[in-house]
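Visitor: Mind having a look at this structure? Questions to follow.
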Amino acid sequence: MLMKLQLLYTHTPIFTIVNTYTDKAEQVSNNTVTKQIIHLKNGTSIVKRVEKSGVRKNQDTQLKKQCPEKNSDDGVVQKTKGDMHTKCSTKCVSYGRIIPSILKDLDRVQDVEEALRPWENKIDNKKKSIILKQQMKWDRALEIFNWFDENSHELNVNHYNIMIWVLGRARKWTLLEGLWNQMKARGIVATNSTYGTLIDVYSKAGLREGALFWLETMRVQKNEVRKNQDTQLKKRCTEKNSGDGVLEKRKIGVYTKCLTKSVSYGGIIPFILKDLDTIQDVEEALRPWEVKINNKERSIILKQQMKWDRALEIFNWFDENSHELNVIHYNIMIRILGKARKWAVLEGLWNQMNARGIVATNSTYGTLIDVYSEAGVREDALFWLETMLEHGIEPDEVTMVTVVQLYKKAGEFQKAEDFFRKWSLGEPLRPNNHHTTDALELDERTSFLNASFGSHTYNTLIDTYGKAGQLKESSETFVKMLKQGIPPTRVTFNTMIHICGNHGRLEEASSLLRKMEELRCSPDTRTYNTLISLHTKHNDVDMATKYFKRMKESCLEPDHVSYRTLLYAYSIRKMVREAEELITEMDEKGLEIDQFTQSALTRMYIEAGMLQQSLLWFQRFHLAGNMTSECYAANIDAYGEQGHISEAERVFLWCQERKNLSVLEFNVMIKAYGIGKCYDKACQLFDSMDTHGVVADRCSYSSLIQILATADQPHIAKPYLKKMQMAGLVTNCIPYCAVISSFVKLGQLEMAEGVYREMIRHGVKPDDIVYGVLINALYDAGRVKEAVSYADEMKRSGLPGNTVIYNSLIKLYTKVGYLKEAQETYKLVQSSEEGPAVYLSNCMIDLYTRQSMVDQAKEIFETLKKNGTANEFSFAMMLCLYKKIERFDEAVQIANQMRKLGLLTDSLSYNNVLDLYATAGRPKEAVETFKDMVTGSIQLDGCSLRSLRNLLLRYGASRQAVDKLQVLMKKDASHGLQALMSALTSLIEIDDYDNE
């Protein structure tokens, strides 16, 4: 993928396209604008902007000659009819395909939302600039600018420069200054072009002092940059409140927000909104304006309401007073009610809309799908999609993206991909839909192979493929986006970096960061946080630290995620010095340390052996009085897990000082006592919960019972189990199983069975583990009949088996000779994913050996050999089987294989082979096996000596001589062993002579 991206980036035409989109503002400010200081007779000077070059310089000059401007009283620039015609012509043909359509919609449709929403994902920065420039009225331009802002479109310095020019020419100084304040509050740095525009519009308006003020402001800013670059960079970053360390907007940002609401729309809107803010009664607030409010103003008033009930009250007032309410007003209310999760009210509004014959549009359904999807109500969102398709309305691009995101959030990545594919190819979106897409729809919904979508669509697709683990598809979509000339946004790069990192391709993630910077798409805090997180997950903390430093060098303020990620990485690696440096930095900036980080640092100090420092660290937060029960519990657990019981007790006592103990602290302290083997203290602490007003929960009982059962104290655990049952906290057999297993371990089977019967009496169903424990225990105790009864009971209960229980059952059935039951169980094992273990197969061979069932035993044995899992016992049992039925040739082959494979390690196996050779008349092999036993220090037992005695007698040795050897072996093992070896060697020599 990286090679593909590198080839793409170095491809000149594509790179040119991307630069055309992303660097337009900077090219204009650096290459086409110069400043000329014109000295006037009175000694004053103004700045005049002179265009050195432009796309339509000659055309603009010609237009100005033909259509002179006329200024109205309110400062709005008016055009002659000739100019209007030329302007229209410019809009329609000068900007390619999309822009003429957007401008046409804006001319035709009064409501900005309705006009721009279908194009939302296709409008990039360059198109935003063109749209704003082409507006003939300042209020229309400002309404569009506000729409971009409210819908989270990126607004850069170039867009602000255009609006400053528009408002300046219209003499709207209050709005212009509000825009300047908003620009500064958002950290958008004014360029030479910004100041040039400000000076120019104030100068042309005859406001000499204002123009000189902006000239002085520009000069001061340049001097500050030269004097202290770091200070200036910080001003461009997000500002930090020094009081509580929480990042906040500047006060001026709040002022700008108010200003936008109050005056940015012009006309009567600011006064109406002011009345609605100050007068509670809607009737009183709106009655004076009733006859002056048109459809557009109704939309604005509804949009500007911060509370759903106030918006609904105003909507109902419009309705009751016979104001026209169209589909746009209903769409606005649907979004407001959906965001507030007022579904009943929303559905009532939908029914009202249908009853009045107001036809839902693409935007209506898109809004419904969006609000239900955002609320996580997936089924309802899909219902509205289905309703939309039933009415023959094809989703637009915005709605399509909403549906894809809906499937993505639900983890249904294949459905998301299928929906996009069908939508982009113009295929029916409903399975049983036989509707054929007409030519117009096919023209609008072209194949994905040729279509160009907005950046939001591409970002959603890339993210969807990434979450589905489809790196190839994500990369191909990213490449297509670039080929189509759609400039990648920060979201695009952040998503691609995250996807590459999650697939372990950290080099590609770093390469994407470099390309991001090359394309002048500045990384944000989230970009660096992603890189920091990815490198810590891949154990490259050094690189994560470098990205953290690089983020600060890039004038980006690390947030809580940045610090938390890096601090956690340092803490689990016990990098104390680095962690403390970060803590100091956070303290200096007034950043609050969250409780997760606090407990992680406590663990770091403990694991580093710095107990005193860990307590001091804990006390810092304890004394502040802001710790929650979860945080206290995490700190107690940190000490308890490392066996530092006294420190855990201290933390518990400090927590107790708050007089607000919860069950969490008790549970982790009980766990700590269990780890420290302080069983009496664990019981005492549990018993004291009532005196502190804390009720033990399921975890409290389970933890204590498990601790006592593991410590071989089932007698003490049993009363707590009874209390747990009485409290109604037993939901499964796990606590009973712990006590039963503990009694079994102590050999107290009667007690174990008593607990089992008590469990059954309380209606608690045993699982396979309980049955397995009892079956094995009774089997080992020789109580085979009772073990079989538990096995039968388990079968009747219909419990699914597992390897452990199958082992127990086959071992049991082999012991009692239940061939049919053993075969049935073995078949179940064979059908399982794991397959039969060697032990189970050996048990079956043993059972078949006792039944002299050669073919069945041989089948299992050959399977084991084929799988390479046959062991010493597998071979030994087959040897015994062949020997038992006197098929000595096969038995000898098995014995020879065992010797060749080195599988003779146990005295039992040696004895079986030795006895076989003696019985089958193979003295040479028998003596060699005997020598191997002596060399391998295998202890000779009665079976070994009996086989050798039979061998000597068979080949002519007298009973008296053999008896003397046995006596000598008893008196002096060493000399007796030498004598036996000599006798056997002589026997072999005699046998060889006879054969010759």
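Backbone N, Cα and C define each Cβ position, glycine as well.
Please treat TrEMBL annotations as automatic predictions, because they have not gone through curation.
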Visitor: Labelled region 'Disordered' by TrEMBL, one stretch among 54-78, 454-478. Can you tell me which?
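Guide: Result: 54-78 is the stretch TrEMBL calls region 'Disordered'.
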Visitor: What mean pLDDT score does the repeat 'PPR' (732-766) have in the model?
Guide: 95
Visitor: Looking only at residues six or more beyond either end of the repeat 'PPR' (326-360), which have a C-beta under 8 A from one in the stretch?
Guide: 111, 113-114, 295, 298-299, 302-303, 305, 308, 311-312, 315, 318, 367-368, 370-372, 374-375, 377, 380, 388, 391, 393
Visitor: Against which stretches of its own chain does the repeat 'PPR' (871-905) lie, if we need a Cβ under 8 Å and a gap of at least six residues from its ends?
Guide: 838, 841-842, 845-846, 848-849, 852, 854, 857-858, 861, 864, 912-913, 915-917, 919-920, 922, 925, 929, 932
Visitor: Could you tell me how many residues in the repeat 'PPR' (559-593) are helical, how many are strand and how many are coil under DSSP?
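Guide: Here the numbers are 27 helix, 0 strand, 8 coil.
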Visitor: As a quick check of your reading of DSSP, tell me how many residues in the repeat 'PPR' (662-696) are helical, how many are strand and how many are coil.
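Guide: For the repeat 'PPR' (662-696), the helix, strand and coil counts are 25 helix, 0 strand, 10 coil.
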